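Some features that TrEMBL has for this protein:
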ACT_SITE  Asp239  active site, proton donor/acceptor
BINDING   Arg143, Asn145, Asp163  substrate binding site
BINDING   Asn191, Asp239  divalent metal cation binding site
COMPBIAS  11-30  compositional bias 'Basic and acidic residues'
DOMAIN    56-298  domain 'SMP-30/Gluconolactonase/LRE-like region'
REGION    1-30  region 'Disordered'
Amino acid sequence: MTDQPDQPGQPDRRERAAEPGQAARHEHVTRHEHAAQAEQAAEAELRPLWSDRLELGEGIRQVAGRIVLTDILSGRLLGAPEGVGQTLELLARLPVPLGAVAPVAGRPGHWIGAAGTGVALIGPDGGTDWLARPAEGAPVRSRMNDGAADPEGRFWAGSMAYDATPDAGALYRVDRDGAVHRVLDGITVPNGPAFTADGTAMYLADSARGLIRRYPLDPASGELGEGTVFTALGGGSPDGMAIDEAGGLWCAVWGAAEVRRYLPDGTLDRVLTLPAAQPAGVCLGGPDGRSLFVTTARIGLTSPGPLDGAVFTARVGTPGLPVSCYRPL
């Protein structure tokens, strides 16, 4: 909207004398509007980045200026090519599925990962030191899925049944002393979590139910309060999530070829579409934090398109939060 004064009738000479200033303000606002319109147009232009087509790309985040992600079922941890490369670089490969990782503070090249049936510390050579395997004895065959560190240095990860048996999944919290706690039950396909900047709230998607819930979180103890429905998606399934500096929640919507941004009150703010049916993970990164990155998946598609499984990027207006590290004692 331009900032133009009301001018009923013919302006007198005094009003004309003010017109140069008004024109300058009008020009400033018009430029601002044009810039905003150009930015909105650029946001619609999600473009593929690299030649890789992932089976189940997930767990994307920026660590030390570099984008890293997982291809879950192949157990691969991948990094953005350095220089002008067009292919993701293999950072580690596990003999079990690898859902997501977080960097370990003070140990470059070391990770904590939601892997196989549990949680492991992963070294630069792919070696694993298992903290726990809580899904090992599940009633149905299960694996770990998505995960993330919170601002206090804990790691959180969800489990699910391979066949997505209803209510077979759970959420686990890994404290800084390495103790693993089962904190939520009755989830079918957990994705996320994502944490507010102050660490007082956690978002968790239950993808099979089309819900994102918000939980109060005690930053000191890691205890969760009673969850409430943040939003119920009308179509598609909420998958990976990221939060920006304004508290907006970005969410990949599996099956809808969309990434959505929600305001902190749950209002849908923005929808970006992309030429891939199954967006799975999102993060904000780049030098200024204003590049959105989206992973997608080819798994389960009878006739995958040429861009299914690609990683996409677009520019957005609000920077993302820095990635949190697991900080062992």
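Including glycine, each Cβ sits where the backbone N, Cα and C put it.
Heads up, TrEMBL stuff is auto-annotated, nobody curated it.
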Listed recorded positions Arg143, Asn145, Asp163, Asp239, filtered to Cα within 10 Å of Asn191 (divalent metal cation binding site): Asn145, Asp239
Position of peak Cβ density within 10 Å, selected from the recorded positions Asp163, Asp239: Asp239
CB within-chain contacts under 8 A for Arg143 (substrate binding site), separation at least 6: Val96, Pro97, Gly99, Gly116, Thr117, Ala135, Ser159, Met160, Tyr162
Residue with minimal Cβ packing [other Cβ atoms within 10 Å] among the binding-site residues Asn145, Asn191: Asn145
Rounded distance in angstrom between the Cα atoms of Asp239 (active site, proton donor/acceptor) and Asn145 (substrate binding site): 11
Integer average pLDDT (0 to 100) for the domain 'SMP-30/Gluconolactonase/LRE-like region' (56-298): 97
Cβ-centroid neighbours of substrate site Arg143, Asn145, Asp163, 8 Å, sequence order: Pro97, Arg141, Ser142, Met144, Ser159, Met160, Ala161, Tyr162, Ala164, Gly169, Val189
Substrate binding residues Arg143, Asn145, Asp163: largest Cα-Cα distance, in Å and rounded to whole number: 13
